[in-house]
Amino acid sequence: MARTTPIELYRNIGIVAHVDAGKTTTTERILFYTGVNHKMGEVHDGAATMDWMAQEQERGITITSAATTAFWQGSTKQFAHKYRFNIIDTPGHVDFTIEVERSLRVLDGAVVVFSGADGVEPQSETVWRQANKYHVPRLAYINKMDRQGADFLRVVKQIDQRLGHHPVPIQLAIGSEENFMGQIDLVKMKAIYWNDADQGTSYREEEIPAELKALADEWRAHMIEAAAEANDELTMKFLDGEELSIEEIKAGLRQRTIANEIVPTILGSSFKNKGVPLMLDAVIDYLPAPSEIPAIRGTDPDDEEKHLERHADDKEPFSALAFKIATDPFVGTLTFARVYSGVLSSGNAVLNSVKGKKERIGRMVQMHANQRAEIKDVCAGDIAALIGMKDVTTGDTLCDMDKPIILERMDFPDPVISVAVEPKTKADQEKMGIALGKLAQEDPSFRVRTDEETGQTIISGMGELHLDIIVDRMRREFNVEANIGKPQVAYREKIRNTCEIEGRFVRQSGGRGQYGHCWIRFAPGDEGKEGLEFINEIVGGVVPREYIPAIQKGIEEQMKNGVLAGYPLINLKAAVFDGSYHDVDSNEMAYKIAASMATKQLSQKGGAVLLEPVMKVEVVTPEEYQGDILGDLSRRRGMIQDGDETPAGKVIRAEVPLGEMFGYATSMRSMTQGRASFSMEFTRYAEAPASIADGIVKKSRGE
């Protein structure tokens, strides 16, 4: 099969940002200018192509990352070939950070959208951290330059100070707010004015207005200096006082962007059709093709110590990462995969190396939001949806049967909030199980479990909005009506002291008995470790080796159920160092029970404490309500961190326990007459004060 587009002409990019910075509108404009859509969709009309779930159109926010393919040859057709863009539009709401995380994992570059009026917002920082984690080169696009309070250079300064990255403006604004006219292209040193008659598809170039010439010269000098640092050749030329050509400036900026040293910064107003075509040009000029990023690394499934690499090349063995599972009403399960190397044709068999299972590829489609075009092959650099996969979950590797590899997996955060759901009727009961199973397969940050004591179904997620959407989707997509309980906080338990505990389970009353006996030393685990670190210190066979795994299992099972108030015990070290056995009566079950009994005693002997999730909260409020907001956050046991000012008002940052934040949106609205906004995200677990912990422990014991 001949590749239709050379890999050098690919750009796999994500459009990422804070809620309401204008991501989806920007993506809609991209689809319009690249000719995929003949009519623009507006978010506030509920007609945006990329927002294809019913709830997205109603709420005006993007929840799932829709993937789409588009082609671009330049705003003035200046490139010799058409470039192929695979674009992923991601949600900006903090409850859906998981969608952003998994998109960034498979992208080669990102366009981070900021609002010219609001600047760097809390979610912008989260997205930026995620992009740093996966070393994603990026452009900054300062949108909404027509809005009141928009100030391009202020946002540039914030990117530098708050995000700690080196922004390099390659454009400047001509006018701002309602007088925003266009931009200055600092590379060509021309003023650009957009043509309203064709919805900003074309523009005219003029000389830079005299009053902006000095500013343009100053920022152009910064840009050239940034480009010249790319390599010795350009540096020498720059130091010798020679003029760098346009090609050299672009090459220098490109090299440093791909190395994640700088962020080229551009501007526009997507809604007013000013600037998006130049952003597409910048994606081609400065963001990498799949062949320009380092080879993807992985391990050999048979030998975890053996590191393997796959280069973005059709001749290499096939490897791909399944980064998203979606349920489609017509074809069933869609597995979105990013192909890193090799070629795959429909009908081929691949290995799911994480699960060790063979999968046959039925059909493959390329997605345009929720429209599908069937394709026969996918090559290195492609993003496509595979139909008919049975056992694939997010983060699994698909690879060549004969050349297995496990690509680096994605880390998903644990949920911080739970609610009980109950089906309204008997008919809903069965459907609810199926619906929740499918939704959990799609979204790794969403969990479902059954409470053993009450028999209730408990769903857990990243925030109230996250769970609202899940329940809403159950109703719409699976016709399941359910009642929702009050939100519950996902507490954790941890021990403070090191202690040695004897676990003894003996039942001997004639016939085959039970005999399990062990001594275990428990200690708090190392910082940053979540689970159990188990050490076998048995010498001389006082406990036979075959019973050691049963002891570990007994500890792990008790950790799941906790020792204090029924919440999972985390961050534990356990060393089994002594014990005894009986030739006839000892068995695995007896040792498992003995270890479990020893672990239970940690509530007293280990000084077990309750941990509560703490949220990073950021409130933006008009100045006159600042005192009320601060007082209210303090009453909620909040620790005020710092604050600053933006045109939107005062910004207050605090850390507040999640248990105190339920219903905060409503009380904040009434306190500020609906003029303040807030966002929060999980930051860490911290020890709950005794007064709170005692109440929770008593409640769990039914006192």
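Glycine is no exception: its Cβ is also placed from the backbone N, Cα and C atoms.
Annotated features in Swiss-Prot:
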type: DOMAIN; residues: 8-291; note: domain 'tr-type G'
type: BINDING; residues: 17-24, 89-93, 143-146; note: GTP binding site
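Under DSSP, Met145 (GTP binding site) is assigned to coil, being neither helix nor strand in the three-state scheme. When other Cβ atoms within 10 Å of the Cβ of Met145 (GTP binding site) are tallied across all protein chains shown, the result is 28. Mapped onto three states, the DSSP output places Ala17 (GTP binding site) in strand. Within 10 Å of the Cβ of Ala17 (GTP binding site) there are 28 other Cβ atoms, across all protein chains.
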